[in-house]
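Structure first, then comments.
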Amino acid sequence: MSSSKGLLRHLPLPLRLWSNCSPLSVITRQTAPSVSVSQGIVNCGIFSRGLASLVNGQAKPLNSRRDNGRPMPIGIRSLVPKISDRACSAHARLARNETMTDRDVLPDNVKPKHYDLSLRDLEFTNWTYKGTVTIDSEITKPTKEIIVNTLELKLSHAKVSVDSKTFESTKFNYDSKAQRSTITFDEELPVASKAFLIIEFEGIINNEMAGFYRSKYKPAETPSASVPSDGEWHYMFSTQFEACDARRAFPCFDEPNLKATFDFEIEIPSDQVALSNMPVKETRPSKDGWNIVSFETSPVMSTYLLAWAVGDFEYIEAFTDRKYDGKQIPVRVYTTRGLKEQGQWALEHAPKIIDFFSEIFDIDYPLPKSDLIAVHEFTHGAMENWGLVTYRTTQVLYDEKTSDPRFKNAVAYVVAHELAHQWFGNLVTMDWWDELWLNEGFATWVGWHAVDHLHPDWQVWAQFVNEGMEAAFRLDGIRASHPIHVPVRDALDVNQIFDSISYLKGCSAIRMLANHLGVETFLKGVSNYLKAHAYGNAKTTALWNALGEASGKNVTELMHPWISKIGHPVLTVAEEPGQISVKQSRFLSTGDVKPEDDTTTWWVPLGLEGKKDHAGIASLSLTTKEDTIRDVDEDFYKLNSGATGFYRVNYPPERLAKLSNQLDKLSTEDKISIIGSTADLAFAGNGTTPALLTFLEGFGKENHTLVWRQVLDSIGGVKSVFGEDESIKKALDKFTLKLIDEKVKEVGWEFPEGEDYLTGILRKEIIGVAVACGHPA
């Protein structure tokens, strides 16, 4: 393109830096609503003062007093789920009730050991099916009632067989609020170590993307004759059970710590394909044109991990390099007909990731196969069903001819995240939903760890700091945030904690601990934890104990404030000759921290670089509210080296000015972190705008896309607030154009074919900002 006008169709939204294909947007399991920057300001409150320093040279902070934090730039907003008022209220309520120990769970008079589930008579006009589930159970107390979880199921008959005696019932009482059915028997069921509960039922193949549901799509090639169609759309079928939707598909004891083994079979049209967690055991004909497909017995697992899919599927296949019990693991990517070749990028990664995790966990992949399937309609980015991982099509398929290269990053990460769960979450499962953060926080960390192993040139940890940590900081900095660990009484509340705190702050806490202990030591502790609790359930304390044994440190004490308390600290630095004092306090984006807000003392790994008597990074920690560190290099030092700690640092303005001229001593992660800290502190009134802009002045020669993203994001945040003041807008535009002038000349205005995606993104960002600021080109 030869002019800025011709570039407009290439540009992202003004001052934004990434498309919605970011991997972090797809593992949070919710989609953030589209909100304009101006509406975001309305929602979050307007800053109370103008940017006087840009107009008259006075050094004044922004001194904002906001209710919900700094307006989240559009790109960041696309990365994280929006916490609704209802969810915030629920988080606050749950967080206050820290002593809550009772859970609303099923009675303990019956415990499942094994499920034999059979589905038949699938109807593709009224979308119904019939089923029989036989649950091999232990009856621990004499009872006339058995309560199971059900939702939108019609139970028709139940019986219990104990030894040679059978107890039958057609008395069902459904509690729609609790999603439970009570089966009442005329006679008391005796205590029995082995009893068979058999339930006949009917269900719905719904279109709600939960339970057993149907997805519509337009075929890439002519489908099999039996594939249902309404004339415009064709349909495939799959399941989504996490957190509490196995009960939509079959009667069950739908709680994560009521693990059992599963046998599964389903009747399908003979020209379609059925998949489940385990390999096919047998296919036998039933009625005309239909087959019954049965699968091998699963390992012990939670109900939310059971899965199946039915459709006009085809696949591509590869194998792990490592052998497991003498055999390589087959890895397949399934799609509807005509799309399988788009699974090559995912297939290139999945076997390597399985081998990598098997090595670092020192535990072989637990199943005989690994399937990845693209689902056309899916609320989540992906779901870690054991042995049959389901993905939104955009998170597992990549078309070399038409897909944006940026999607390669997303696909590789999401594949790694879900495969991490095959060990952490599936092999060892949280005891209850309040441990959800551990499942997701760890999978997020180790997913990035795997991608970094496969693609060290991608600098994925810089991407995480820019996207993940910054998004978590935004939400964690509001007063209505919640701890990582939130007590959950009712499992139906669990969707309210599937948010950025669970995933991204959880990952940040794990990353901070792993770097403090040393990644090798940390993974040794994780391996010990997985081995000790394999095929069972565990709590966070069990992981802390395993990590403590591996490292010799009191991990429980170190991590308790990070997991159990709201918020994160800011370290305020004061300089004296040869030393610095560091004081921690809670950071609030509103800036109005009250004494009751600031009662937590965090363990803070300082990551100090620049201590005179120590080469590299000094392993010092702050465990009190304030401390003094001596023998610090007055010319150069930095805290939180590599941005491995989840906290902000408030440097004196003079130090920021020095660092602006020492950018060659800062890593990419350092630069992103310091910009983010300085911007947030200015917006909260704890820092100054001149300090922020002075620091940014040094980045004119910066080459890294992610750093430019953070630079322009910070300027964009200021412009979003003061955009109505024309003098400030002009001053900011002038500042920005001067800052990016050299980079505009370097990247140029043309978009050549075949360039690497980071270079392309950088050009879009720089040119987009240049156009928005009135560049004369």
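Just so it is clear, glycine is given a Cβ too, placed from its N, Cα and C backbone atoms.
Here TrEMBL has His417, His421 binding Zn(2+), and the candidate from Glu400, Glu435, Glu440 in that same listed site is Glu440. The Cβ neighbour count for His421 (Zn(2+) binding site), using a 10 Å radius over every protein chain in view, is 24. His417 (Zn(2+) binding site) sits 11 Å from Tyr503 (site 'Transition state stabilizer'), counting Cα to Cα. Taken residue by residue with DSSP, His417 (Zn(2+) binding site) is part of a helix.
Classification of Glu440 (Zn(2+) binding site) by DSSP places it within a helix. The average per-residue pLDDT of the prediction over the domain 'Aminopeptidase N-like N-terminal' (111-305) is 97, rounded to a whole number. Glu440 (Zn(2+) binding site) and Tyr503 (site 'Transition state stabilizer') have their C-alpha atoms 5 Å apart, to the nearest angstrom. Under the DSSP three-state reduction, Tyr503 (site 'Transition state stabilizer') is assigned to helix. A distance of 13 Å separates the Cα atom of His421 (Zn(2+) binding site) from that of Tyr503 (site 'Transition state stabilizer'). For the pair Glu418 (active site, proton acceptor) and Tyr503 (site 'Transition state stabilizer'), the Cα-Cα distance reads 13 Å.
The Cβ neighbour count for Tyr503 (site 'Transition state stabilizer'), using a 10 Å radius over every protein chain in view, is 28.
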